[in-house]
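Residues or ranges marked as NAD(+) binding site in Swiss-Prot: D47, S48, E49, Y50, D51, S96, L97, E125, R148, E185, K304, K328. According to Swiss-Prot, the feature active site, N6-AMP-lysine intermediate maps to K127. Annotation source Swiss-Prot lists Zn(2+) binding site at C422, C425, C440, C446, citing sequence analysis. Under the heading domain 'BRCT', Swiss-Prot lists 605-685, citing sequence analysis as support.
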Amino acid sequence: MQDIQLDTLLSEDVTPENASQVMQALSQSLNEHNIRYYVDDAPSITDSEYDRLMQRLLKLEALYPHLIVADSPTQRVGGLALAKFDQITHLKPMLSLDNAFDEADFSAFHKRVTDKVGEVSFCCEPKLDGLAVSILYRHGVLERAATRGDGSVGEDITENVKTIKSIPLKLRGNDFPELVEVRGEAFMPKAAFEALNDRARAKDEKLFVNPRNAAAGSLRQLDSKITAARSLAFYAYALGVVEPDSHPLAKTHFEQLQQLKSWGLPVSSEIKVCAELSQVYDYYKDILTRRSDLAFEIDGVVMKVNDIDQQQRLGFVAKSPRWAIAYKFPAQEEMTLLEGVDFQVGRTGAVTPVARLKPVFVGGVTVSNATLHNANEIARLGIKVGDTVIIRRAGDVIPQIVAIVPERRPETATDIVFPHNCPVCGSLVERLEGEAVARCSGGLFCEAQRKEAIKHFASRKALDIDGMGDKVVEQLIDKELVQSPADLFKLTASMMTMLDRMGMKSATNLAAAIEAAKTTTLARFLYALGIREVGEATAANLAAHFASLDALRVATVEQLTEVEDVGAVVAQHVAHFFAQPHNLEVIDALIAAGVHWPAIEAPSAEAQPLKGQTWVLTGTLNQLNRNDAKAQLQALGAKVAGSVSKNTDCLVAGEAAGSKLAKAQELGVKVMDEDELLALLAANA
C-alpha cells in the first residue's frame, strides 16, 4: 500500500461522513506495519508511534462500532468463548512426514528420490516443535483456520489464530489466488514460554512442560482471549490448495515460500536451498549446533525436494509425501537405573518387555518406563535388571533405552527371561521363525487381546460404535458380558445398566448405536478385524480389489500381492489370518449377528475402457464438478494425476488451462475439451 503520513492518520478530523475512510486507513496502516515488523523484520515506525495509531483506532471503533472492518488489528484480542470446537474437513489431507534419525536413514531416502527423478536439490528448514495449522484465505481475507487433527478432519480454531499477531488477517498486494490455503506451524517462542511459566509460578498454578504443549494448549482454548494473551507465533512452510489452479505459482518450494512472504506471511529466515548432499549434512549440523540459540524449539530439520515438478512425480504414500523427510535431532539423554521388567500383551498378542526405570527427567518429561521391544533388542543391549542405562526420547516422543553402562553393573544384576506362558491368560508364548516378536497363542481367549481387539473393533475408524469407549469395553469384559466382538451385538440396554455410571437412557442410546453399527462397509469391517499391518488404506484397497469377503477369505498370497500397496509381508499376514479357524469362527459369528454391508460391484474389463491410462484435469469445468469428473474417470479405470508428464495419456483442458495445457502440447499429449469429456462419459455411462 502507499504509505500514509503518520501525522495525517493521527490528526485528521473525523466526522460521521469520513469515519469509515479514516478507520480503514488506520487498519491498513497498522496491518502493514505488523507485516513489516513480523515478516520483513524492517519496522518503519517506533513502538510508541504504533501504539498511538492503535489507540486512535480503538477510540474510533468505540464511537463507530458498526464501522469496524473484519481485518482490523483490534480484532486480535479475542471474542466470545466457544462451547466446543467445530470440525473442519481439510480440502486435501494434511499428511505427516517420515523420519530420518541418522545419515543412513537420510541416505536411503535420498537414494529412493534420486532413483525415481534423478538429481535433486533440497529446500531445508528447521522442524518447528509446535502445532500444524491450515489457514484459508479467500480473496485475500482470512476465512478460516484449522488444526491438523487426524490429517483429514481438524478443529476450527479460526478465532484463536486471528489473535496471532504475525498472521495477516488480509494478504498484502493483489497477486494472490482467489483461494489460497497456507500451511504452517504455530508455536510459542522460548521467551514467551518462560514468561508464561513465570506468571503461572507466581500464581501457584500448574506449569507447562514444554513450549509445544503450551502452544497446543493455547490454540485449543475455547476462549480466544486466553489465546491472545499467550504470545504465539507462526511460520508458513507450504502452500496447500490453490484455486484456480491455473494461477501462476513459483516452480520451486523455496520460491513459493518467498511468494507467501510477499503476501505478508511470516517464513523462517533459516531456510536454505542445498544442491549437494554434503550441503544438506552441513545444514543439519549447523542448525543442530545453533539449536539452543534459536528463539524457538525445534526437534530436527525438514528436507523437501525443491523442484515442484519433481515433487509431483514422486507423489505420496498413504500418510506422507515421498519428496520430504524430517531429519530428527538426537534426543536428549540421561542415565538411570533399570529396576525391573514387566511383560505386556498387546492387541495382536505381541508380548513386549517394558523396562521399569527409576524416574528420570529427560526431554522435557519425567520418564519411568521404556519399551525394550523384543528379545533381540535385549540381547543386542546385553541388558540386565539392575543395570545403569542411558535413556533417550527417540524423536523426542518415545522413551528408549539406547545403551547400558557396563562399569556400573552390580553383582546382583539378573538376566531378563521371557515368560513361557502369557502373563495374562497363561497360554503358551510362541516366537515364530524369522520374527523378533514373541506372541501369546491365546488369540481372542486372552483377556489382554480381547480388550484391545474389541476396543479396536468398536473404534471410530472401524465399526464406529458411538459411546463404546475404552472404559465401557473394559467393564463389559470384566463383568463377563462380552468375550468376543460378536457378543457386542447380543447386548441389551438392560444388560448394560450393570455398568458403572450407565443409566437406562445412556444404555438405550448405546444399544441403538450398536444396532446401527451392524450396517457398515467391507473396508471398515476388514479394518475392524485387526489384521496385522492392515490399516485403513490397505483395508480399502482389499475391499475394492476382491469386492466380497468370500473372495478375500480364500485368496492366496500371490493373489493378495496383486492388490495396490500390498506387499509380500502384508499378504502373508492376511493369508495367515484367514487360515486360522478361530478367526473364521469370529467372522461367522459376526455375520450371524447381523453385521452386513452393501455389495461391491467388481468393475468388468468392458466397464473400464481407460484402465492403465493416466489422465490430468486442468482449468475450469463449467458443466461438471471437478471431483465428479475425477470420480467418473476413475470408475472407467483411469488414474487421475495432478501434473502432466510424458506418461500422461490425455489432458482435459477447461477454461484458463494455463501451464499444464502448454506442457501437454509440448509433449504431444492428447488434449480433450469439456464437451469431448462429457461425450466420452455419456458413451460409457
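Backbone N, Cα and C define each Cβ position, glycine as well.
Locations of recorded Swiss-Prot features on the structure.
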residue	record	DSSP class
E49	NAD(+) binding site	helix
L97	NAD(+) binding site	coil
K127	active site, N6-AMP-lysine intermediate	strand
R148	NAD(+) binding site	coil
K304	NAD(+) binding site	strand
C422	Zn(2+) binding site	coil
C440	Zn(2+) binding site	strand
C446	Zn(2+) binding site	coil
Residue distribution over DSSP helix, strand and coil in the domain 'BRCT' (605-685): 29 helix, 17 strand, 35 coil
Chain-internal residues near K127 (active site, N6-AMP-lysine intermediate), provided their CB is under 8 angstroms and they sit 6+ positions away: I298, D299, G300, V301, V302, A326, Y327, K328
For K304 (NAD(+) binding site), the one of C422, C425, C440, C446 that lies nearest, given that the binding-site residues are compared by Cα: C440
Cβ neighbour count within 10 Å of E49 (NAD(+) binding site): 15
Neighbour-count leader, CB within 10 A, binding-site residues: R148, K304: K304
C440 (Zn(2+) binding site) CB neighbourhood, other CB atoms within 10 A: 27
Per-residue pLDDT averaged over the domain 'BRCT' (605-685), given as an integer: 87
Binding-site residues (L97, C422, C425, C446), the one with most neighbouring Cβ atoms at 10 Å: C422
Residue among binding-site residues C422, C425, C446 with Cα closest to the Cα of R148 (NAD(+) binding site): C446
